[in-house]
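**Q** The repeat 'WD 1' annotation in Swiss-Prot covers 155-199. Per Swiss-Prot, repeat 'WD 2' is recorded for 323-362. According to Swiss-Prot, the repeat 'WD 3' annotation covers 366-405, on the basis of sequence analysis. The repeat 'WD 4' feature in Swiss-Prot is assigned to 456-495; the stated evidence is sequence analysis. According to Swiss-Prot, the feature repeat 'WD 5' maps to 508-547. Sequence annotations record features per position, and here Swiss-Prot assigns repeat 'WD 6' to 595-635 based on sequence analysis. The repeat 'WD 7' annotation in Swiss-Prot covers 740-779 and is backed by sequence analysis. Annotation comment: Swiss-Prot describes 823-862 as repeat 'WD 8'. The region 'Disordered' feature in Swiss-Prot is assigned to 910-929, 1033-1217. Residues or ranges marked as compositional bias 'Acidic residues' by Swiss-Prot: 919-929. Look at Swiss-Prot and you will find 1041-1054, 1085-1107, 1137-1179, 1198-1210 tagged as compositional bias 'Polar residues'. The compositional bias 'Low complexity' annotation in Swiss-Prot covers 1181-1190.
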Amino acid sequence: MSLIYFASGDSHANIEYQTISSTATEANQEQSERLHDRISKAQLQRLYERFKSAPDQVVGCADFRRMLEEVDIVFSDFTYTRLFLKINQNHDFLVDWNEFVSYLIFGFQEEDPSSQKESLIMPISAAPVVRKTEHRSAVCCITLLKVKSDQTPLEDMTESANYSFGGEDSPENSGMWVTASHEGQLRFWSAHMEPLRSAVSESIYCMSYAFYNNGKTHSKLVLGDYAGNVRILSYSPYLRGPFQAKPGAALVELTWADVLRGRIPLLIPKEYINLHNELISCVYYSLHMNALFASAEYRNTKKYRGRCPGLIMVSNDDRNNFRIPLGVSVFYVSEVKNILVTGGPDTFVRIWDVYISSEPSAILTGHNGGIVAVFVQPEENKVYSVDYHKIIKVWDLQEHTLLQTYGELVRIIHHSEMDIKYYYHSHLRELMVAGRKLIQVKCCPRVRVDLTDGNTHAAPVSVVLYNRLFRNIVTCGLDSYIIVWDPWTGRRKIIMKNCHTKMIYGETIDIEITAACFDPLEQFLLTGARDGSLKIWNYNNSVVVRNMSIQMDQEVTAVIWVVDRILAMGWDRQVTEFNDVEGREYGDPKKWAKFHTDDITCADVKLGEGVVTATYSGEIIFWKLETGQPYRRYNVMDPSQFIELKLTAEEEKLSRRSKRISSLLGANRRSASMLAIKPDEIKDYGANIPVSVQAVLFLQKRPMTKDHGSVFISLDTGIIQVYSHHQHGGHIKEFIAVHKVGDCVLTMATDRKNRFLYTGTAFGYIKIWHIVNYCIPEAEKTHVCMPKLRLDFIFLRKELFLTRAKRMVRNQPEPMLVSSYKGHLKAINSIGFINLPKILFSGSHDYSCRLWTQSGRYLGTLGTVLPWSKLSPFERAGEENRPYRLPPDIKKVASSTTLKVISGVQHSFQVKRPKPTEEREDEGEVEDTGTEMKNIFDRPLREPILGKHFELPGRSAIEQRIELDTTQLYVPIYSHLRVHPSDVMENLPTPPIIGQVKSENYLDHYMPVVGKVDPNTSAINIREPNKVIRSKAGGQVGQARASSTWGKPKTNSILGMPRAESSQGKARASSAKAGVSSGYGRTNFGPNPSRVRSNSPKVSFMPSQLKTCRKPESSPRKAKTSPARAKSVSFPAKANPVSTSAKANPTCTSVKTNPVPTSAKASRVSTSAKSNPVSTSANAKPDIMPVKIKPVVKKPSRNTAPVQITTSIAKTKKDKP
């Protein structure tokens, strides 16, 4: 949307330019032109006589000023001109008596406090909350277990009744709901209708309870019965009366006769016998008026003949009878307003003065059934009534008019349910409806100021304008409201509802307002709606002056009002011109040439020079304002290319066809524009995908030359392009105006001298750009005082690190970004600037219009319930040194930059750097001097400084370890852990010394041992080489055999121990592929394991658990197991593993044991620490598959640990055991 601020005219130039001129001094503007505070009744009478004696009873500008001076009312030239324009509503520069009196009346109406409390939305606008009652039968009674009394003392009444700070809906503040059903069941609910507990009790028919929170007077318990009697029990709230806790008595039962006899001395009884002749329908005791109210229904009209006392008010010994036909079913007493609202079977709602019982002050009609519930909101001046058909009506308490009819309960509650109970919670402003269901209806809920500052409109704000003549702000919204605000006091002056409407099937539908502007003298308001309608308003008296329309169901996106002409454009893709000359207003409008191929999104005007329009497809056309002829055409995708202003016959035909298709199918206007262009013609417009234009702005102070950038074009890509509207000008520069992906500028404004550019983005950011030296010739550029800008804009001050907004423009010298902050949660649709007080205002899609200082301080939201800041139209806002608050909704999502700009506080960050030695010595001397002075003149405070106080316990220094329960088969949490496979480790190159001993046989260095091996010794005798007895054929007793091939039998070892075939313990060590190491507790054995006899514990391996593989070419071999017990097999730490190669068959079986330490008595086979490592390579095939085998341990010792055996089996066919 475009904001048009201009003033022009060819007649009465003195009045126009003296009023709207930007050269008026501040001294001339300080005097208020308001006449209401300076005129008296005698002066008004003398003015009336002057008007009657004037020719034709009208006076001109000079004559009217003379008349005011004759009655001692003197104004300056500037102030009087403003006053005359306000009075002259007919726009003829002549004033009569009716215009003068109308101006005075409207001024006094603006000061009426009742106009401030008119609601923007319906009293009941939120959806009701429905839930089950959890009772077996329908609810017969509903009440509130109160914590706070409804009867608030008058001295405690404040002006903050319409807003809350949160937390009021807790049970401690709002109490609990209590429901009862016919089966005697009680249920307690929270304020949010969450069940708390239930109980069983006997039902009670009619009861009322009155109390004060501070306990100033006795509490009253009022009882009404079927016979028309009323009884009152009074007791002190401090002594709790009958509710005292007595030991051993959980329930106290007594009769009324016992109470009268004084069985409970704390109770003060009082009774009114036969107060009514019928059943008591409702009772209430007012502590403020010290009066009892009791009502009854008198349905027997023949018996009472309409003279029944429907309601009786008893105060001391005085009785006031409110006689109502058919009696009273329900009533409500408002002690703040001193009124009484009654409702009965006659379908009428009556409003009474509590002290006048002769006749009601008002009778509200409109219900079609008997009234079953009434209540009053004195803060909102509203009366609510509910009839038998479950219809809720809302009435204005002062005007006695109907505001709303709410029939949603009819849809929710079944038609067979008629006995419905109602209760109004005055603290939460909620109406509770109980039957088979529980329904919660919010009635004018309070504003939560901890969440929001309030709303300006009931729908998104579309246009915000500032009127320099009346010095007020006008807001237009999508709710079809026009509201006039006084920005200096924050009050709402005028509200106009249902401004644009249309009739659909007999129902009046509101139409959204999408564009607005003022006339050149800023006396009238022009608005455009989504259905193509235009209206001219005299918004001071809410009168429509003229109705117009561009085209049916074509949205108006921009309106321009210049002298004698009105321009409107929108989805009809052309400019429509209306006459504003007296006598020719109602002629046919003029249609400009249709050169656009898509919907027009925005437009702006340069007075006396030209108009610019832009479309969704990125087309920009410059028009002559005098003739309406286009002279330049561009496309934002290729701004340097000039497009010829000529439509071919084929292009016109396609444009008409696309328009006809879009109107029939209801397609979007953006898609319709693409249908009108052939694929081969897209290249003429710059790109395949069109980029839409969101806003345009003319800089009024820049001349029309080809070197001056006078038009700013905002694109949906976040870029702002600058053009010259000269005939030989064009695209000059462009810059990025956002710092987030997907954001774009939706509205732009500037100050009076075009020094700053104010932009509002789709993400709710407000940015201010310094454009004094941007896109102008070098000779006209001026010096920029950066220290002054840093004083005005805290955003420019340095920080430790660059924020997002600064990082985006760090390589962009011009224009300079001087401020950036988040002002709204949603898109900003309109923005404007007030020059003298330096106030920036923004209207957003979040229903609010907010005021800011130029430096970014938050002033307030129009329509807020909080106190307003003191502002003046003649003083700059934000000069006083006081803390500024943040909007509650922005405070929760604000970045560090937004917090700094809005609050105006920058935290100081100091980087500590090492200082030279001399500086540190000087500082040490200064500190020593200060310490001496402190010891002489000052004493430190004694400990503890705080005296006796509670100290928080310190944090525990003990590390809290997590212990997992491993007694089960598995821990479930492990199944959720992501385990990454380990990488294959590369083998290190074999050292040369190891390669030399590969061919050596380590058995050549050992001496055969005769007899048993002593396990207590760790060394093995090594014989000399010339005494070695070697046998290649087989094994002899007492000889050690070494074999490294598959074909030689009896050369294997189990668990890394040499095989002993005889009692003499002939040792033999053999290894297959991998080495034996004590560090890993791992041994490898060949395919033919044999038995091992030793002193270690026996370990048996089952045939089904220990599997071996055979060589495919050889005969099958079965694995043998040994009953030998082996607790652990290890070597000394300094001994290296010994391995031999198996050349015949690569298939092997490996045994893996846990490295559990054993006792000294356990048998182990070890090598000497001094033995040299000997290893041989094994030519093994790569297809080896590991298989885990669980051993069976027989008779383990106490320290025996389970042994895990891993076998590596080749992928060949297994033999059966």
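Cβ coordinates are placed from backbone N, Cα and C, and glycine is handled just like the others.
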**Q** Could you give me the DSSP helix, strand and coil counts for the repeat 'WD 8' (823-862)?
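**A** When I sort the residues of the repeat 'WD 8' (823-862) into the three classes, I find 0 helix, 22 strand, 18 coil.
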**Q** So which of 456-495, 508-547, 595-635, 823-862 is most in touch with the repeat 'WD 7' (740-779), counting Cβ pairs under 8 Å?
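**A** If we count Cβ pairs closer than 8 Å to the repeat 'WD 7' (740-779), 823-862 scores highest.
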**Q** Which range out of 323-362, 595-635, 823-862 gives the repeat 'WD 4' (456-495) the most CB pairs under 8 Å?
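**A** Per the Cβ count, the answer is 823-862.
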**Q** Which residue counts does DSSP give the repeat 'WD 4' (456-495) for helix, strand and coil?
**A** 0 helix, 23 strand, 17 coil
**Q** Where else in the chain does the repeat 'WD 5' (508-547) make close Cβ contacts, counting only residues six or more beyond its ends and a cut-off under 8 Å?
**A** 1-4, 6-9, 15-16, 19-20, 85-86, 88-89, 91, 102, 106, 459, 462-463, 465, 467-470, 474, 476-482, 484, 494, 496, 498-502, 553-563, 566, 568, 570-572, 578, 580, 585
**Q** By DSSP, how many residues in the repeat 'WD 6' (595-635) are helix, how many strand, and how many coil?
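**A** Per DSSP, the residues of the repeat 'WD 6' (595-635) fall into 0 helix, 25 strand, 16 coil.
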